[in-house]
Amino acid sequence: MKIAVAMSGGVDSSVAAALLKEQGHEIIGITMQFFAPSCQGAGTPAHDAAVVAAHLGITHHLLDLEHDFRQLIINDFISQYRSGQTPNPCVRCNRFVKFGLLLDAARERGADLLATGHYARTSIDPDGTRHLRVAANLRKDQTYFLHTLSQERLARVVFPLGDIGSKDEVRDLAHRFGLPVAEKGDSQEVCFIPNDDYVSYLEENCALGGETGDIVHVNGRLLGRHRGTHRYTIGQRKGLGIAWSEPLYVVEIDAARKLVVVGEEPHVYAQGLKAEEVGWIIAPGKEEFEASCKIRYRHQPVACRVTLLQGGACRVLFHEPLKAVTPGQSVVFYQDDEVLGGGRITAAIKRDGEA
């Protein structure tokens, strides 16, 4: 079978390529180029992926997606911050770029499947229904970022690392294969944000500085001024610059009115949330059902009740109040170890009975 591997130059995708080659598949490597061709020196994804491909004796391609990445990912990222939301660009990138444009490019190059270094597992029923399941390595599980995959796309992807129990095992494999990136560190940052400094990136590249406004308490009292709503996210405690008898947290961001609303810790908790752009890998059998959900990547799933609404929306009520429900982030639904689907959080539900 001919399999294209999305090669980032890191350990995970390199081991994925090596494992598939060892299994006897015909492998081609594809590296997505999101930035200028000048960004291809030693240590860059393009360079390191090419070195690994040469080591494995496989063909390596560069896929120029600089324009598409800016239009689909960076511009949306900026727009979401302008509107007072906190986006998750990695979820959107997986949907439109990795398992959209890259998947199509792999097929154009004659590949039967696309493999990535994601930590996730898939399974298939006798009737052909595909399932996305959490990885054996729960600490590295990345299914949160993959909830937008459809049945059609799941049929065309493979995750070779899904059954590997630890990152140490992956590095051991990298050494066994003699990969030149075996000791390369993991990337923890959004790829287009230098040093993970969102504020500097937005102000230096996106003209989001200088839009000052008020910081107000939930009781309406004016507490101070801020230098732009893009500097804040729901649940934030540090960096508010406000003296108060108790710790204060960001409770609401109203970008249109240039308001940052803060309150004591109880005000950060929500009874539920509303979400839009909801999609399902496995369609729910009824309009209301019990599930578990995650509202951020590193959060543990919590029990909830989901109610489907018109227009691809849903309402979610938690069994126990949850802290820092953040518009712009994704809510992802699980049944045991299976991903059902997910959507984009648009609002927190703070009180019982709130629509």
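Any Cβ shown, glycine's included, is placed from N, Cα and C.
If you check Swiss-Prot, you get these features:
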BINDING   ALA6, MET7, SER8, GLY9, GLY10, VAL11, ASP12, SER13, MET32, GLY117  ATP binding site
ACT_SITE  CYS93  active site, nucleophile
DISULFID  CYS93-CYS191  disulfide bond
SITE      HIS118  site 'Interaction with tRNA'
ACT_SITE  CYS191  active site, cysteine persulfide intermediate
SITE      GLN329  site 'Interaction with tRNA'
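With respect to HIS118 (site 'Interaction with tRNA'), the closest of these recorded positions in Cα terms is ASP12, chosen from ALA6, GLY10, ASP12, CYS93.
Residues ALA6, MET7, SER8, GLY9, GLY10, VAL11, ASP12, SER13, MET32, GLY117 are listed as the ATP binders, and the farthest two of them sit 16 Å apart at their Cα atoms. The sparsest Cβ neighbourhood within 10 Å, among the listed recorded positions (ALA6, MET32, CYS93, CYS191), is found at CYS191. Comparing the Cα of SER8 (ATP binding site) with the Cα of every entry in CYS93, CYS191, GLN329, these being the recorded positions, the smallest distance points to CYS191.
Distance noted between the C-alpha atoms of CYS93 (active site, nucleophile) and ASP12 (ATP binding site) is 18 Å. On a Cα basis, CYS191 (disulfide bond) lies 12 Å away from MET32 (ATP binding site). Between the CA atoms of GLN329 (site 'Interaction with tRNA') and ALA6 (ATP binding site) there is a gap of 25 Å. Between the CA atoms of ASP12 (ATP binding site) and CYS191 (disulfide bond) there is a gap of 16 Å, rounded to the nearest whole number. Annotation note: GLN329 (site 'Interaction with tRNA') sits in a strand segment as assigned by DSSP. For the recorded positions SER8, GLN329, counting C-beta atoms within 10 A of each C-beta gives the highest total at GLN329.
For GLY10 (ATP binding site), the same-chain residues that are 6 or more apart in sequence and have a Cβ closer than 8 Å to its Cβ are PRO45, ASP48, GLY117, VAL181, LYS184, ASP186, SER187. The distance from the Cα of ALA6 (ATP binding site) to the Cα of CYS191 (disulfide bond) comes to 15 Å. In the three-state DSSP scheme, CYS93 (active site, nucleophile) is classed as helix. According to DSSP, MET32 (ATP binding site) is assigned to a strand segment.
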